[in-house]
Each structure stands twice: as C-alpha cells, then as structure tokens.
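Before any comments, here is the structure.
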Amino acid sequence: MTDTHAKSRPVFHALLIVGLGGGLISSSLIAASTLLLAIGGMVISYRKSLYARGWDKPKELRLLHFAFWFFFVVSLASWFAEGFDYEGGKNLGTHARFILFWPLIIALTSARIRATGVFIAFGAASISILALLLAAIAARQGALGAVMNQRFGGGINPISFGNLALLTGIITVAGSLHFFRAKRQALGTALLIGGISAALVSMLSETRSNLVALPFLLLLLVPLFSKKLRVAAIVLVPLVLVTAIATSDRMSDSLNGLINNGYLDKGMDIRLDMWRQASDLFLNNPGMGAGLGGYTHLIESAVEDGNLPPMYLDCCTGHPHNDLLNNAATRGIPGILSWAFLIFIPLGLFARHLFSGHAPAAHLAAAGSMVSIGYLMFGLTESTFDRSLLLTFYLLAIATIGSALYTELSASYQRQRNRKVSATIITKNEEDHIADCLKSARLVADEIIVLDSGSTDRTVDIAREYADILEVTDWPGFGIQKQRALEKATGDWVLSLDADERVTPELAREINHHLAAPDADAYKLPWAVTIYGSRLDFGRSGRAPLRLFRREGVSFSDALVHERILIPEGRKIKTLRGRLTHYTHRDFGHSLEKSAKYAWLGSLEKHRRGKKTRTMLYPTLRGLMTFIQVYFIRFGFLDGAVGYLTAVTYAQVTFNKYAGLWTLERPGRELNS
C-alpha cells in the first residue's frame with residue numbers, strides 16, 4: 001500500500017503542474033488534470049489507504065468541502081425548480097465540477113503536496129503566461145506594438161486571462177519569498193522574475209477588475225516580509241496601483257469620461273443596466289431565484305419586446321457580469337448564501353494562518369487568501385463561477401493550497417518541550433475512562449495529579465498506577481475541586497483535563513512544540529466530541545475550552561458547575577489546532593442522566609448568583625437559540641444524525657437549566673400565598 005502511494009505521488013505532482021501551469025494555455029489541460037487527480041482520489045478513498053496511514057481529516061477541510069458542495073446543491077435545486085431548463089442545465093454542468101473537491105483533497109494529501117510543490121506549480125503557470133505573450137509577438141514577426149495596441153487575452157477571453165494571470169503572478173511572488181526564506185536563492189529569483197512578468201502581462205488585458213484587486217493582493221504579501229520591511233511594503237502598494245492605473249489606457253479613458261462627462265463609458269453603462277435587470281429579477285424571485293437560465297431568458301425576452309437593444313444578445317445574455325447579483329437573480333437567497341460560503345469560508349480559514357510561526361504555512365495562507373480575495377474582487381464585474389475556466393481554477397487552487405496548508409501544519413510540530421507540565425484531573429466513578437485519560441496526559445505531562453471525590457468503583461485503584469499524586473476528598477463543587485488540584489501542581493504549566501477527555505498524539509506533538517518556546521500564556525484546545533461511534537467536528541465540537549495555561553497567578557472560579565479558569569488580565573490566549581477527544585457519555589441513557597445533572601447544577605448556580613427567570617417563555621427561547629447555534633451557526637448539521645441528536649440534547653439541557661431556575665422561585669411564592 002505504501003509502495004502504491006509512493007508510485008502515485010510523482011504522477012499527482014505532475015498532474016498538478018500541468019493543470020495549474022497549463023490552464024491558461026488550454027482550458028482542457030486544467031479540466032483534464034483536475035478530473036484525473038479526482039479519479040485518483042476516488043480510488044484512494046475506495047481503498048481507504050490514506051486513513052490506514054493514520055490520516056485524521058482536518059475539520060477545516062470538511063468545512064471547505066461543505067462550501068463547494070452547498071454551491072452545487074443550491075444550483076441543482078434551482079435548476080429543478082425552474083423545470084430542468086436547457087440553458088440552466090449548461091450552467092449546472094459547470095457547477096457540477098465542485099463535487100470533485102473532496103477527491104482532490106484525498107489525492108493531493110496522499111501525494112503530500114506541500115508549499116514547495118504548490119509554488120512550483122504556480123511558477124510554471126507564470127512561465128506559461130509569459131510564453132503566451134512571446135508566442136503572440138512571434139506570430140506577428142516581432143511586432144511588439146501590434147500586441148500592445150490591443151487587449152491581450154492569450155487566445156481566450158481577455159477578462160478571464162487578465163484575472164488569472166494577475167492572481168497567478170502575485171501568488172508566484174509569494175512563492176518566491178518562500179524560497180528566499182528557505183535559502184533557495186536561485187529558485188526564489190526565478191519565481192520572482194516569473195511572477196512579476198505574469199503580473200505585468202496581465203495588465204495588457206486592460207481588465208479593470210485587476211486594478212481593483214491589485215492593492216488587496218499586494219497587501220496580502222505584507223505579512224510575508226520581516227517586521228522592519230512591512231511599512232515600506234505598505235507604502236509601495238499605492239505607488240504600484242497609481243502606476244498601473246496611469247499606464248492603463250482603458251482605465252484612464254474611463255476616469256477621464258467620468259471627470260469630464262459625468263459617466264465612465266458605454267461598457268460600464270451596459271453593465272449598470274445588466275445589474276439593474278439582475279436586481280429586479282432577484283426582487284421578483286427572492287426565494288429560489290429565477291432559475292439558472294432565468295437571467296438569459298429575461299434578456300432575450302426584453303430584447304424581443306423592444307425594451308433592450310439587440311446588441312444585448314451578443315454581449316449580455318449569459319450572466320450580469322457580477323457574481324453576487326448573478327447568484328441572487330438565478331438562485332435567490334440560497335444562492336447568495338452559497339456564494340458567500342464559497343468565498344468567505346476559504347478566506348477565513350486561510351487568513352487565520354497569515355502570521356503563522358511556520359513560514360511555509362504562512363506563505364500558503366497568503367496564497368489561499370489571495371485566491372479568495374481575488375475572486376471576490378473579480379466578481380464585482382464578472383460572473384466568475386459561470387465560466388468553466390475560472391471555476392475550475394478556483395476549485396483546483398483552493399483544494400491544492402488547502403491540502404498543502406494542513407499537511408504543512410501537521411509536519412511543523414518538531415520542537416521538544418522544555419517546560420515542566422502538571423496535568424490535573426478530578427474524578428468520581430470514572431473507571432471506564434481514567435486509564436486512557438492518564439495515559440494520554442503522560443504524552444505531555446511530567447506530573448499527574450488526581451483528586452477523587454469518593455468513587456465507589458475501581459477509579460482510585462486504576463489512577464494510582466499512573467498518577468504521581470492521588471488524593472481522595474469530599475465534593476465541594478467543580479470549581480473548588482479543580483482549584484484544590486491546581487494548588488498541588490508544581491509545573492510551570494498546567495493542563496486541566498476531565499476524565500472523559502483524551503490528548504490525541506497530534507495534539508500532544510503540538511503542545512510539546514509550542515511549549516518549547518511559548519507564544520502565549522494560555523491555550524484553548526478544540527474539542528472532538530465522540531459519541532455513538534462518531535467523532536463530531538462541528539456543533540458542540542466547535543468549542544475550544546481553555547485547558548492549558550501558565551500556572552503563575554491563575555485560579556479557578558468557585559462555581560458548582562461550568563467553572564471558569566481565571567487568567568490574569570493582559571495575558572495572551574491562543575487556540576491550538578489539535579483536537580482534545582471528549583467522550584461525553586457511554587450511551588443515550590447516560591446522556592440523559594448526565595444532562596439532567598448538569599442542568600440542575602446550572603440552575604442552582606444561577607440561583608446562588610441571584611439570577612431569575614420570571615416566565616417559561618425565556619427557557620423556551622433559550623433552548624431554541626441553543627439549537628440554532630449548535631445545529632446551524634456551528635454547522636452541527638455536517639455531523640449528520642448524531643449532530644442533530646446532539647443539538648436537540650443541548651437545547652433540552654438549556655431549557656431544563658432555565659426551567660429549573662424558574663421552579664426555584666416557585667415554592668416561596670406558593671407558601672406566601
């Protein structure tokens with residue numbers, strides 16, 4: 001199985017270079033490469049060989065997968081609602097490529113594509129862009145002026161060419177900085193020249209959206225420079241933009257027309273008219289839109305009725321040249337939501353790593369952010385996801401950079417911890433959990449402290465085999481008991497665990513790596529709730545409780561339940577990536593028992609603090625809001641049936657907690673009456 005992966009790896013690398021590198025030479029190259037990579041991923045998925053190697057799929061990639069699938073599903077629903085229209089079917093066929101996202105992730109992860117492979121592929125794309133210009137000049141017997149005096153599109157639509165050439169060029173520049181930082185000067189120099197050349201060639205397309213996107217793309221390069229150079233880099237951005245505008249005849253003409261005549265140009269007037277048509281179409285069909293072919297039929301009907309000139313049939317029937325309005329008009333509110341997910345979910349996931357301490361991850365994060373920001377800007381004047389080349393490039397670029405980013409992050413945890421860590425655990429009747437919990441804690445802890453509050457099973461006997469300090473005490477409540485355990489810790493850092501939690505090997509490597517040179521005073525550890533045979537990545541697993549902290553000055557609140565770790569003001573808190581596995585209950589009966597216990601303790605705690613609930617409407621609304629938050633806002637629906645059951649359970653806990661608080665006020669009133 002390992003040999004198979006080793007043999008397929010260079011093939012996948014080659015397909016990536018051909019796809020990204022040759023996409024602008026021929027759209028068939030990127031389409032074929034993407035399909036072949038996806039087929040390879042399907043084979044690997046069928047054999048389950050990647051999972052056999054211990055791959056723990058990142059929940060971030062699952063979230064990206066949802067964004068691509070949701071876009072396609074909304075398109076499918078819109079096409080179904082409009083009655084399987086022929087024009088809509090053509091657009092659906094383009095959108096259907098998005099279902100290849102997860103097979104691409106599997107193939108690229110299996111090939112262990114990392115930053116170097118990604119930036120070499122984009123470097124090849126920059127070289128192909130320059131080659132297209134040189135070929136065009138050669139075809140005109142070296143007449144550079146003949147090429148410069150018309151919009152250059154490399155044999156395809158100048159808008160698509162210009163957008164992708166600019167994006168490719170700036171990403172290649174980011175790649176050159178990666179190689180310079182890695183002391184690979186020759187490769188860095190080659191990519192720097194190639195990237196700048198591709199960006200310059202993109203300006204020959206006279207695509208105005210490039211000038212809108214350019215400053216944002218350049219600003220994403222700033223975090224890749226040292227702190228001393230960042231100010232200078234920021235200052236250069238407006239200078240580059242002004243130069244680009246000044247050398248763009250098309251933009252200069254538009255600005256002159258606006259200043260002297262009060263309008264940009266005829267092309268922009270037509271676009272504004274198309275945007276009005278699309279807006280009206282959405283307002284008339286906000287639910288599911290007018291269908292994938294609805295905008296096309298609107299323009300054709302308007303021309304036929306004499307409401308629009310015939311020229312609109314040649315330029316403007318396919319889409320309204322704006323991503324947001326196109327999705328709103330053809331797919332309604334779900335279309336707007338799907339477009340937002342497709343742009344902003346990748347952007348959010350990439351942007352959070354822009355300042356990563358692992359340089360390759362930071363460069364990949366910048367590249368991924370550039371793709372999303374670029375398409376956001378390009379989509380102001382173009383319907384990017386209705387053009388097969390632009391859509392396929394986005395699909396392959398996001399899948400490639402996303403896969404490489406999380407491969408790099410996983411490989412970055414290399415340092416060994418040099419701080420003493422104490423793990424503290426409080427227990428009562430946890431014989432099913434305590435051994436595995438303490439074994440996992442030993443992966444990161446020099447000292448293990450267990451405080452038991454009167455277990456009647458074998459918890460104490462089992463804990464004694466693993467713990468350095470074990471004491472049996474009374475039960476004063478969660479907060480006070482955890483404070484007692486903390487006071488016995490002697491480590492510089494403390495890891496506070498519950499008995500039903502496990503430190504995964506990946507999380508252990510990350511903790512040990514960070515505690516070699518801590519970049520924060522406390523760390524939150526994301527939960528991976530595991531129940532009914534399923535690991536939940538979203539919903540309540542979307543939480544990241546504070547568990548690891550510098551011991552000095554820290555204490556626990558004295559709450560009976562849902563205690564808080566009190567960190568001194570001014571200390572820095574960060575969130576790690578690794579997952580803290582949380583086995584919340586054994587079965588549904590245990591879930592009901594545990595939920596009822598925590599709900600009642602929560603009621604008592606709120607009553608102790610003077611909180612009141614005057615009507616039963618409030619518990620009902622709080623329960624409903626909990627369900628909405630867990631199931632929808634935290635994407636709990638991505639965890640399937642177990643995700644739904646979990647959301648309902650937590651909603652019930654919230655309702656019971658506030659209903660219990662309401663009952664605590666009732667006896668007094670009844671006695672008084």
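Glycine residues also receive a Cβ, built from the backbone N, Cα and C atoms like all the rest.
Any TrEMBL annotation is an automated prediction that lacks curation.
TrEMBL lists 12-40, 61-80, 92-111, 118-139, 159-180, 187-204, 210-226, 231-248, 332-349, 361-378, 390-409 with the feature transmembrane segment. Marked as domain 'O-antigen ligase-related' by TrEMBL: 197-339. As annotated by TrEMBL, domain 'Glycosyltransferase 2-like' applies to 422-541.
The transmembrane segment (210-226) shares the most Cβ pairs under 8 Å with 159-180, out of the stretches 118-139, 159-180, 390-409. Most Cβ pairs under 8 Å with the transmembrane segment (61-80) belong to 92-111, among the candidate stretches 12-40, 92-111, 159-180, 187-204.
The stretches the transmembrane segment (92-111) and the transmembrane segment (118-139) do not meet in space: the count of Cβ pairs below 8 angstroms, excluding pairs fewer than 6 apart in sequence, stays at fewer than three. Between the transmembrane segment (390-409) and the transmembrane segment (187-204) there are fewer than 3 Cβ pairs closer than 8 Å, counting only residues 6 or more apart in sequence, so the two stretches are not in contact. Beyond its flanks by at least six residues, the transmembrane segment (12-40) meets 97, 100, 103-104, 107-108, 110-111, 113, 117, 120-122, 124-125, 127-129, 131-132, 154, 156, 161, 164-165, 168, 388-389, 392-393, 395-397, 400 of its own chain at Cβ-Cβ distances under 8 Å.
Among residues of the same chain six or more beyond the transmembrane segment (159-180), those with a C-beta under 8 A of the stretch's C-beta atoms are 20, 23-24, 115-116, 118-120, 122-123, 125-126, 129, 152-153, 187-192, 194-207, 209-210, 213-214, 217-218, 220-221, 224-225, 359-360, 363, 366-367, 370-371, 374, 378, 381-382, 384, 387, 389-390, 393. Secondary structure of the domain 'O-antigen ligase-related' (197-339), assigned with DSSP and counted as helix (H, G, I), strand (E, B) and coil, comes to 106 helix, 0 strand, 37 coil. In terms of DSSP helix, strand and coil, the domain 'Glycosyltransferase 2-like' (422-541) has 39 helix, 35 strand, 46 coil.
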